[in-house]
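**Q** Take a look at the following structure, please.
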Amino acid sequence: MSQTVNIVGAGLAGSEAAYQLAQRGIKVNLIEMRPVKQTPAHHTDKFAELVCSNSLRGNALTNGVGVLKEEMRRLDSLIISAADKARVPAGGALAVDRHDFSGYITETLRNHPNVTVINEEINSIPEGYTIIATGPLTTENLAKEIVDITGKDQLYFYDAAAPIIEKESIDMDKVYLKSRYDKGEAAYLNCPMTEEEFNRFYDAVLEAEVAPTNEFEKEKYFEGCMPFEVMAERGRKTLLFGPMKPVGLEDPKTGKRPFAVVQLRQDDAAGTLYNIVGFQTHLKWGAQKEVIRLIPGLENVDIVRYGVMHRNTFINSPDVLNEKYELIKEDRIQFAGQMTGVEGYVESAASGLVAGINLAHKLLDKGEVIFPRETMIGSMAYYISHAKNEKNFQPMNANFGLLPSLEKRIKDKKERYEAQANRALEYLENYKKTL
């Protein structure tokens with residue numbers, strides 16, 4: 001095979017696409033600007049660096065992203081293989097040691113005979129077959145060219161990353177180990193709050209100083225990664241029904257449910273670092289320290305990485321992409337990752353998997369690959385190419401609402417999800433036989 005594919009961006013989507021192509025014998029130029037040029041959110045030169053949470057979310061098949069992960073496992077996903085190898089305790093979720101995770105992916109691709117890594121910034125779309133997977137922090141020059149080629153105005157909103165703290169600095173006498181509803185292993189440290197403690201914390205959040213943004217950038221948040229101070233502005237109960245909800249987290253010492261709970265999730269394999277679940281923030285660093293130290297057990301906590309915020313860019317996919325993540329008017333170009341309107345680590349990798357397999361099949365004259373809508377991976381591809389509300393196209397997580405209804409209605413939600421999951425995997429196995 002003499003044709004070489006260019007993949008711009010070695011994040012989750014670009015790395016997955018590169019692997020799928022390379023495994024099928026296609027030569028790949030994997031172009032990544034880091035470390036030559038860093039982004040405001042990245043900290044390393046590794047591929048597929050996790051810049052927000054270290055969790056790939058739920059692993060159960062009663063969870064949309066759990067179904068998507070299982071589909072990807074069965075399709076030889078590099079990202080899911082790396083996640084399984086780098087797993088750390090997280091109850092029913094699949095969380096990873098972020099360094100082991102990205103390290104495994106980086107080594108796999110750098111050592112692959114069909115992958116050539118090029119570290120440079122790209123300011124224009126390369127000639128030939130190209131997958132653009134530059135993510136939410138696409139550089140200005142490349143973003144302008146993408147706008148020109150798609151014919152659409154650029155859309156953007158803000159993503160936020162939660163602070164990471166040292167376990168040794170947590171007052172373990174004030175916290176307890178438990179997963180919500182005791183699902184899976186007890187993997188979260190829980191900081192219980194009385195009503196008085198919550199009110200003091202809430203008032204401090206409202207008064208805390210927020211980092212400035214450029215005037216021309218209108219803040220537009222995706223609900224799944226909203227700063228907790230923005231949630232707080234929506235009302236006192238928003239946090240209590242969001243990241244601080246106490247339901248299913250009764251204190252084992254007292255047997256009683258706290259008024260509010262802040263959860264801490266293990267962030268590394270050694271168990272020395274924890275992130276504050278749902279506390280992605282845009283507060284100034286000094287304000288972050290003051291607010292976090294009002295949480296019981298964290299009065300003297302050491303913060304090893306403060307929360308940060310960065311812009312997130314995505315295109316109006318339903319108008320410009322098809323289910324193969326190809327640009328409709330110039331199908332030598334594909335997009336993959338968050339900029340297509342899939343939201344989340346796993347979803348981004350899945351889009352890269354679909355784009356990579358499709359391009360390999362095209363170059364090998366094996367026909368197109370359209371995964372069934374009954375599969376989660378197929379339903380995501382269908383969503384980004386068919387969502388009709390173009391004026392307000394929003395990023396989407398994997399969820400059962402994207403799948404077609406079952407022939408026979410099942411009232412119980414858990415049973416319905418199980419049936420949809422079983423159907424998805426059955427359809428996937430049948431479709432795999434055609435690949």
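Note: Cβ is positioned from N, Cα and C throughout, glycine not excepted.
Copying in the features that Swiss-Prot gives for the protein in this structure:
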- Gly9, Ala10, Gly11, Leu12, Ala13, Gly14: FAD binding site (BINDING)
**Q** Find, among the binding-site residues listed as Ala10, Leu12, Ala13, the one whose Cβ has the highest number of other Cβ atoms within 10 Å in the structure shown.
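**A** Buried the deepest by this measure is Ala13.
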**Q** Taking the centroid of the Cβ atoms of Gly9, Ala10, Gly11, Leu12, Ala13, Gly14 as the FAD site, which other residues of that chain lie with their Cβ within 8 Å of it, listed in sequence order?
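**A** Near the FAD site, the remaining chain residues are Ile7, Ser15, Glu16, Ala17, Phe47, Ala48, Ala133, Thr134, Gly135, Ala336, Gly337, Ser348, Gly352.
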**Q** Near the Cβ of Gly14 (FAD binding site), how many other Cβ atoms are there if near means within 10 Å?
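**A** So the Cβ neighbour count for Gly14 (FAD binding site) comes to 31.
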**Q** Taking the Cβ of Gly11 (FAD binding site) as the centre, how many other Cβ atoms fall within a 10 Å radius?
**A** 30
**Q** In sequence order, which same-chain residues at least six apart have a C-beta under 8 angstroms from Gly9 (FAD binding site)?
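**A** Sequence-distant Cβ neighbours: Ile31, Glu32, Ile132, Ala133, Thr134, Gly135, Gly337.
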